[in-house]
2 protein chains.
Amino acid sequence: MSKKAVVLLSGGLDSATVLAIARSQGYEAYCLSLDYQQRHRAELDAAERVTQALGAVMHRTVKLDLSIFGGSALTDASIAVPEAPAEGIPVTYVPARNTIMLSLALAWAEVLDARDIFIGVNALDYSGYPDCRGEYVRAFQAMANLATKSAVEGRTISIHAPLIEMTKAQIVTQGTALGLDYGITVSCYQADAQGHACGVCDSCRLRRQGFIAAGLADPTRYASTAKTA
Amino acid sequence: MSKKAVVLLSGGLDSATVLAIARSQGYEAYCLSLDYQQRHRAELDAAERVTQALGAVMHRTVKLDLSIFGGSALTDASIAVPEAPAEGIPVTYVPARNTIMLSLALAWAEVLDARDIFIGVNALDYSGYPDCRGEYVRAFQAMANLATKSAVEGRTISIHAPLIEMTKAQIVTQGTALGLDYGITVSCYQADAQGHACGVCDSCRLRRQGFIAAGLADPTRYASTAKTA
């Protein structure tokens, strides 16, 4: 029997790997992306490429203008994307973003009667965002078990975070084994319109180190001006 | 010292009462409404009237098209609003709506450095929605305490649901005592463009019974064709 899953897909390396994992487990994928007026809009084009490469039943992009709240370098043009690691939670943190995205996934899963949601959060090689930790995902699950008509009627919806304890090297190794071409994904926080990466932001740095640690060629398309290209 | 609070405001009776309560407690109110392509869009005009009557520092309406998911009589024109009470959770349930709204409130509260969120959920005279129960609100709070940068840094954001254990009669009694004119609010699930109520949907029925039980005149503006007018 086919199993439906809602897969949160940003177009970056992690969520693309999660889609490859869900597909390898036999899930029919309903991919959900969020157009939140992010600075790196090229990731939305990447998400579309990834759904085509890996096969999704449906791909929907929800528009939600988080820039009206501001407060993040990813949605507020007046806050620069840092080009060196900082202490604490960086300014690229988007307030409550994963909570908002999981809430939308929960809504769609309930309508689809899907029992599974996949999200590419990762608590090892990550930027220190609070909503990427296992304890956060478990708390969201506990809340979701009380939030929906499905759950009240006995059909709980499970949140899967298969990358949560993996290193970036393990992630790219697994995705590569599943046939994923990371050249079509975009992780850079300030990618240009064609999806070329800057090479220096936190997201580029973590991604590049992952390929190096895995001993894999880095297929990222860097901008001609990128410092690590 | 002034205290900031994000107040979720639909434009209906409950959330207007919550805003009146928050204002009476000295909060500066940042009101948040959701334009989710709901059938009863007149409630958004009502929300604006309520913020003006009760005084809000700011009122923002976030657009998020939940009709792309469907699955509810409130967002899917092909599902009729019932005119008699049904068993179980009714078709006017919008999947994960309160989770989505609280998530957005959490995002805005974090950016504003507000420590309080108010929501008008009610578990007594309500429609049986799972995300209106106290246990749900407590689970959301537990999740929120792990989700944000604020919380990780020791500034938790509290979810207040002052109506949770109140009857509809108690709610309208309190709001009236606080000077709220319920004639400017719209609760009806199928209000016309001018905000006139049908008188027969679940929301109209609960509201009308509240005024009767409280011994208060019902200031609701019913449509000329409404069956209870």
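Cβ atoms are placed via backbone N, Cα and C, with glycine included.
Among the candidates A:C132, A:C188, the one that TrEMBL lists alongside A:C198, A:C201, A:C204 as binding Zn(2+) is A:C188. Surrounding the centroid of the Cβ atoms of A:L9, A:S10, A:G11, A:G12, A:L13, A:D14, A:S15, A:A16, A:T17, A:V18, A:L19, where the record places ATP, the chain contributes additional residues within 8 Å, namely A:A47, A:V50, A:G120, A:T185. Apart from A:C188, A:C198, A:C201, A:C204, the residues listed for Zn(2+), the same chain places the Cβ atoms of A:V81, A:S187, A:Y189, A:Q190, A:A191, A:A197, A:G199, A:V200, A:D202, A:S203, A:R205, A:A226 within 8 Å of the centroid of those Cβ atoms. Across the fold, the C-alpha of A:C198 (Zn(2+) binding site) and the C-alpha of A:L19 (ATP binding site) stand 25 Å from each other. Ranked by how many other Cβ atoms sit within 10 Å of their Cβ, the binding-site residues A:L13, A:C198 place A:C198 at the bottom. DSSP assigns A:S15 (ATP binding site) to a helical segment in the three-state reduction.
A distance of 16 Å separates the Cα atom of A:T17 (ATP binding site) from that of A:C188 (Zn(2+) binding site).
Around A:C188 (Zn(2+) binding site), the same-chain residues at least 6 positions away in sequence with a Cβ under 8 Å from its Cβ are A:H40, A:A42, A:G195, A:H196, A:A197, A:C198, A:G199, A:C201, A:S203, A:C204.
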